[in-house]
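Chemist: Below is one structure. I have some questions about it.
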Amino acid sequence: MTGMTENPVDLLPELLILAGAVIGLLAGLFLPRGRQRWVGWICGIALVAALAATSVAALRPDTMAFEAYSVDLLTHVARATVIVANFLVLVLAAGWARGNSRETEVYVLFMLAALGTVILAGAGDLLVLVAAYLLASIPAYALAGFAKDEAGTEAALKYFLMGAFLGVLMLAGVTLLYGLAGTTAYQDFGPVRGGAAGLAVVLLLGGLLFKAGGVPAHFWVPDVTEGASRTVAAFVTTVPKIGAFVALFRLAVEVFAGLEIGWRPLIAIIAAATMTLGNLAAFHQDNVRRLLAYSTISQAGYLLVPIAMAGQSDLAEPALLFYVAAYAITNLGAFAVVLAVGEDRLAGYAGLARRSPGLVLALIVCLLGLVGTPPTAVFVGKVLVFAAAWDGGYAWLAVVAAINTVASVFYYLRWIRPAFQPGDAITVATRAARIVYVAAAVSLLLGVGSGVVLANAL
């Protein structure tokens, strides 16, 4: 950090996202049902403006806004990734929510959850972290149960109960850390030792692992992914993770590093358990949404590796930032296929290659991207993750991650195989299919241009 400011302009991207949500909500009060799609346009324009503001902010020196919010590379990448991902989600939501009497609420809830995610990533104070956690969580609970059907209601209830429980534990961890260190500001934390510090870290990890979908706070992921609407499932398995992982990395560098406890091996073990459990559970899934749910759990394991290496390897930060951006785009592309086809069973994709060969090709790119196959972006991210683990002295973790990567090929191929088998006629939703093409193209472009991105941006 080069200094501290109290200039609201430093928070312009966040303010623009908030403005989009507020203006959209107010506009929705006066628009008839047939024109509530205009709220989606308002939110989309706000996101484009926020992305432009993020690009400008990235050219300025790092700073600490209001002594509680970090404006640095971590925040800039989180902002850009969340904004782009949320824009794609809004495009997907426009087809799902159109004509609904509460269409305005859909767009506004997505915007508020995205805002909470961005603030979570930039939080430089434990109190801001807790507030951001709540802002990122509560709209997501509402979205999970938005359809008001039995499956959605059950998913929302499980999501809320687990989030509330782990949120309370997280708040207890914050309270304990404040009692030990006498401060909530990350930059003021000094050396703290003892069992109480270890307990505080575990409690704090509980809340953020819930947002990240990591073990042992992962139980909500398959149920919410299957029970909520497909668009909401795409959102909750992608966007909140961005803020959670960046927040964890910032805590590891600025707070955990000053605690004289063995937090690094703990996170490494959690990473190994998360990627392994996610892969094992995905092998026998016949429901595409549950398969993707366990896939996101395994991806969380890989993303925890650079967090374990924070402060231990110089590769940790670029590994996390590149991987999280690559994962977000690729995962949304895979979910967009589910929306485009409208089928949750693997067998339901039979005949897709004949009906839409371009969509199948894009699906293959996205799935091989999630595996980490060149020349996709996730491949570069995984190479950086493996290198960070090796460089940080955790060669065993790099080996575990590599083995899990190879194992994941088999269940991703289970989705591709039916597409080339004979089947009934399939209707493909054009809007969602376009998102798949965009995601696949971006994944390839990021992978091919990774050298330029890493040299100039990270």
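Note that the numbers count up from 1, one per residue, in the order the chain is shown.
Each residue, glycine too, has its Cβ placed from N, Cα and C.
In TrEMBL, annotation is done automatically, which means it is predicted and not curated.
As the structure is a computational prediction, the values presented were derived from the model and not from experiment.
Heads up, here are the entries from TrEMBL:
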{"type": "TRANSMEM", "residues": "12-31", "note": "transmembrane segment"}
{"type": "TRANSMEM", "residues": "38-57", "note": "transmembrane segment"}
{"type": "TRANSMEM", "residues": "77-97", "note": "transmembrane segment"}
{"type": "TRANSMEM", "residues": "106-124", "note": "transmembrane segment"}
{"type": "DOMAIN", "residues": "123-406", "note": "domain 'NADH:quinone oxidoreductase/Mrp antiporter transmembrane'"}
{"type": "TRANSMEM", "residues": "130-147", "note": "transmembrane segment"}
{"type": "TRANSMEM", "residues": "159-180", "note": "transmembrane segment"}
{"type": "TRANSMEM", "residues": "192-210", "note": "transmembrane segment"}
{"type": "TRANSMEM", "residues": "291-309", "note": "transmembrane segment"}
{"type": "TRANSMEM", "residues": "321-341", "note": "transmembrane segment"}
{"type": "TRANSMEM", "residues": "361-388", "note": "transmembrane segment"}
{"type": "TRANSMEM", "residues": "394-413", "note": "transmembrane segment"}
{"type": "TRANSMEM", "residues": "434-455", "note": "transmembrane segment"}
Chemist: Does the transmembrane segment (321-341) come near the transmembrane segment (434-455), with 3+ Cβ pairs under 8 Å (pairs 6 or more apart)?
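Modeler: In this chain the transmembrane segment (321-341) contacts the transmembrane segment (434-455) - 3 or more Cβ pairs sit under 8 Å.
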Chemist: Are there residues at least 6 beyond the ends of the transmembrane segment (361-388) whose Cβ is under 8 Å from a Cβ of it, and what are they?
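Modeler: For the transmembrane segment (361-388), the nonlocal Cβ contacts are 295, 299, 302-303, 305-306, 309, 313, 315-316, 318-319, 322-327, 329-331, 333-334, 337, 398, 401-402, 405, 408-409, 412-413, 415-416, 419, 436-437, 439-440, 442-444, 446-448, 450, 454.
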Chemist: Test the contact criterion for the transmembrane segment (77-97) and the transmembrane segment (192-210): 3 or more CB pairs under 8 Å, pairs 6 or more apart in sequence, then answer yes or no.
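Modeler: No, since the transmembrane segment (77-97) and the transmembrane segment (192-210) share fewer than 3 Cβ pairs closer than 8 Å, they do not count as touching.
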Chemist: Which stretch from 12-31, 192-210, 434-455 shares the most C-beta pairs under 8 Å with the transmembrane segment (106-124)?
Modeler: 12-31
